[in-house]
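TrEMBL has this to say about the protein:
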type     : residues               : note
ACT_SITE : Glu367                 : active site, proton acceptor
BINDING  : His366, His370, Glu389 : Zn(2+) binding site
DOMAIN   : 69-259                 : domain 'Aminopeptidase N-like N-terminal'
DOMAIN   : 294-516                : domain 'Peptidase M1 membrane alanine aminopeptidase'
DOMAIN   : 606-926                : domain 'ERAP1-like C-terminal'
SIGNAL   : 1-30                   : signal peptide
SITE     : Tyr452                 : site 'Transition state stabilizer'
Amino acid sequence: MVSVFSWVMPTTNQLYILLIYNLIFDGSLCAGPSSPSPSSSLLATTTVAQQTTTPGSTRNVRLPLNLYPTLYDVELQPYMYEGDAKDFYFTGKVTIEMQCIKSTNEIVLHSNKLNISEQSIKVMQMGSGSQISHSVEFDKVNQFLILKSNTQFMMGSNYSVYIEFRGPLTGDLAGLYLSSYKRGNATIYITTSQMQPTDARKTFPCFDEPAVKAQFKITLVRKQHMVSLSNTPITSNMTRANGWIADNYAVTPKMSTYLLAFIICDFQYTVNTTKNNVEYRAWARPEAVGQTPYSLDVGVKVLTYFEEYFNISFPLPKSDMIAVPDFAAGAMENWGLITYRETAMLYDPMESAETNKQRVAVVVSHELAHQWFGNLVTPSWWDDLWLNEGFASFVEYMGVDHVHPDWLMFEQIVVEDLQDVFNFDGLVTSHPVYVPVSHPSQINEIFDRISYGKGATIIRMMRFFLGEETFKKGLQRYLKEQAYGAAFHDDLWKALSEQSKIDGSGHDVKHIMDTWTLQMNFPTVFIDRTGQNLRLSQSRYLLDKNATDPGTYTSPFGYKWEIPVTFTSQSMSNFNQTDSDITWMKRDGTDVVISDALSGESMDSWYIGNVMQYGYYRVNYPESNWQKLIQQLKTDLTKIHPINRAQIINDAWNLAKSGDLKMSIALQTVEYMSTEDNFLPYSAASGELLYVEDMLERTALFGAFSKFMKATFTIPFNKFGMDNSGSAHLETYVRRIVVALACKYGNQDCIGNATKLYKELMDTTDGTNPIDVNLRSTVYCTAIRYGGVEEWDFAYKKYKTSNVATEKAVLLLSMSCSRDVWVLSRYLKYTLIPEEIRKQDAVSTIVYISRNTIGRSLVWDFVRGNWDFIFNEYGGGAFSFSRLITGITANFNTEFDLKLVNTFKDSITNLGSGARAFQQSIEKINLNINWMAKNSKIVQDWLETMS
């Protein structure tokens, strides 16, 4: 599954950084043969990561699994065609065939929010046909349906249970739920689904755990004017009374409940066939089906590429992708029927920016990666979620690079994932990649940047030290050994270690990677020079060394890591290093001396560690080396690769935040930016500079800072301008940043052009848009910021009537730029009304408004005043709730702000899936307070110097 937030909100960024990237909240941004015996790995849990406290409000909700399902026969019939939508519902029935693997007197299933017909329940012993008497119990806390018998279910015998049920069909975006769209004045309803992680039980009673795989025989009952879709092809259909048609689907391979998908809609599709004869269809609303060709083309190419790379054929005869109007995540990897937000799948070259195009390609690639990592081989429990999401989040870059090599995706990962996730993993309230979880609220919490971004970047590091061929063959070995089963991360380490031994490098992958997966945070490597030698030492990096550790996790390695260190120097200038260039630092913490590392190198020369930033660590140096690197950037930046230019900026600024480097040095790393033209350093620098804006926006220093930013980005603005015609993909990315910052900080040419273009758009009567698609976010925001209610109302009308999801998303963001308090208050009110702002977009909109200086206090008061409603709507969600809490407090930086958040948090009895988010918000606020106390005067002096 692509997290809705994995692509959109670096913790330090304010409103305009969102405009710069236009990474709309779709993000974030997922996801046959016999399975292993349930009596072995599925029932055992091995853990090395140590959790020292367990929240008292959570319970272990693991099933006893004395009986193990082999086949489900499920029928679902939604009623959504007549009457008021609030009264819509669905009915269903399920027969579950099971094998008893341990004698017991009860069957324990998952069921949540279903009205079970107790009279309908039949428990049978298969073969004999005898019915078994039973009683029925419901455990609502653990979401269990318990069928107790006076006689024993005997080990080795087979049984079946039949249950009829009914459930509400609402727009809650979980389980089987209701979505809709407008056609003229008519509302068209569809039924769709989202099962991950624990909502299959909300659709039908089942064994709702990822390792408990079975086959599924599905029947969906619909009206004649609709179509139905599920994981496999339709084998037959039968006409029933009153205009109903029952579609019967082919039996699935053995699979997890969370990968099931059920859709009934009136959509249309485009179709293609892969090289290996898999039918590939792209579905959308009839009005939007013309926006599917790009994602269809990418999907066909990437699916074929992954089949060849993993050396395993896609096991289903068809793969559908469908753009759903209402969807909580970015996308979901349901086997054979992948669901997407419209913004993550639909692309209109006349209305969508290059960032939207890349977003679509990345999400399609991510979900197809899951067809192997997650679907074919599934984590045995959610504590290894990163095996799903981390691998898909890395492999997605491989798929897109195959289709668009000119996009340099393996360079982009540094700013899109590595540097972004450092912001989260530098907190004491972070968590290990592998983290023990049990309760659904805990499971939902770890669909976060650690599972996705850290997972992806430590896999990238592992690929580097193993070498591409060993990595590739090791993955093929792992997938073949675990196919159709459930795996633990040690299974992966074993396969890679075996391949490494065969290939001659002999890495003990578990020994290395346990230090990266079983403890949180990451190291800083300090590299010092003595003559021609380099000395390496490691220490744990924390953004705030004085932060109070909640004590949730302890490190089994004392926060020491196995670190693959690389370096180059001014005369070597080798940025094409391989695994043979690695020097290993060991987890015993011993310093490493590299003798004659800089042999022949002048003492006036610079050196740099973590070449191409393959390693998941920061690098620090003596001040003298920092100054040499800064001077090189100012004199000839081309001597240092763009990745390492971005690294210099990101490392320096964050080492300054942690107190490991002078802030004055960090500030100097961006003084050269007027001569930069590469996206990666621009991305790194803009993120850090906009953090300074967040801190200074309510202080007397903000005027001087704005003057500096205006002057710094005037030269690039004059160079790049606002004409994007004929630009390459990454040049477009740079122009978007430059134009956004120029307009943001008062460049009158930029503001004048933006407001003029917006006025032309308002005056257009033929429906054309004169604004370049890649600059619309900045133009819209600037015009609304410097305009009034007329400009805002125009944008809102356009938002309500646009047929292009990416255009709607840009408008949704841009409307938060208003400087009118009452307009922003009205906009906030709309987030409570699904007819105005879709539920899937409500949290994003609230966070957008909070990033507007004028909207900041409005949002805080709004969230507190509407907390019960917001909690009921989003408190159990895997994405929305956490990002709301961290998003609206990201730029809080006073003791008063801290008191507000602490007081509010203490007044809440149930934090739902937001418990960790509150902890992280409080830690970040403390960090911001400390930054202000330590650095305000330093920044002031620097700004005076720069002026």
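Glycine is treated like the rest: Cβ placed from N, Cα and C.
A gap of 10 Å separates the Cα atoms of Glu367 (active site, proton acceptor) and Glu389 (Zn(2+) binding site). Of the recorded residues, Glu389 (Zn(2+) binding site) and Tyr452 (site 'Transition state stabilizer') place their C-alpha atoms 5 Å from one another.
Separation of the C-alpha atoms of His370 (Zn(2+) binding site) and Tyr452 (site 'Transition state stabilizer'): 13 Å, rounded to the nearest whole number. The Cβ of His370 has fewer other Cβ atoms within 10 Å than any other of the binding-site residues His366, His370. Taking the domain 'Aminopeptidase N-like N-terminal' (69-259) as a whole, pLDDT averages 97 in the prediction. Glu389 (Zn(2+) binding site) falls within a helical segment according to DSSP. Annotated pair Tyr452 (site 'Transition state stabilizer') and His366 (Zn(2+) binding site), C-alpha to C-alpha distance, rounded: 11 Å.
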